[in-house]
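Positions annotated as domain 'ABC transporter' by Swiss-Prot, on the basis of sequence analysis: 28-270. Among the features that Swiss-Prot reports, ATP binding site is placed at 60, 61, 62, 63, 64, 65, 66, 67, with the record citing sequence analysis.
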């Protein structure tokens, strides 16, 4: 990435900005999303779209609803008792919350990488091969070997593990485990990759490696990342959405959000007046 043009997290002003340049057609289009935990409303009427081959960052203070919203995109909220999602989330024109949609197949199209690396208690090889096996993506051992190698290469891990594929996935370092989890998501041929604070448990060196990987993966996938780090959002994303108290306050090109926000609440958050 060209660091000379990297947006900064300080010095935001409130002068009107130009209209955001056009982006690719949305891979996912969210319309009037509302999320409830029992009687408590966590997300309020959020409409937001995510373009293909780009990184969109969701930022905001703790408890603002960004992770809850992220989980809507592959129906992970279905697994939470008393959680209810209303509104439409369209993928290829079809509402993913329709009862005809198999959530298991949906999650193969919309993969997820969690805050803490969570490799399966299996070998490095089987961590990657598990998904393609259950989804019938390989017709032979040779096909499976090819998927494993390609996924590990795309995650930047192949050269580090190619001679110990039968070692436990848990034997890897934290940063390697997170790249293994990214490779596992890639292996089932997703169209979208969701990342929920993927670097929060990693050291700076491992974080830099994951950020480089995200920049490479965006050439192939629609990526949505939740991050508590405004600096990380500025480094890795092309578009940024700012959430506060379950509301979408502002959405725009990352450079505009960080240097010329339209909303005062966005400026106050970016400049550290609250957080």
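Using the three backbone atoms N, Cα and C, a Cβ is placed for every residue, glycine included.
Considering other CB atoms within 10 Å as the measure, the emptiest surroundings among the binding-site residues 60, 63, 65 are those of 63.
Highest Cβ count within 10 Å among the binding-site residues 62, 67: 67. The residues near the ATP site, meaning same-chain residues not in 60, 61, 62, 63, 64, 65, 66, 67 whose C-beta sits within 8 angstroms of the mean position of the site's C-beta atoms, are 243, 244, in sequence order.
Counting other Cβ atoms within 10 Å of each Cβ, the lowest count among the binding-site residues 61, 64, 66 belongs to 61. If you average pLDDT over the domain 'ABC transporter' (28-270) in this model, you get 96.
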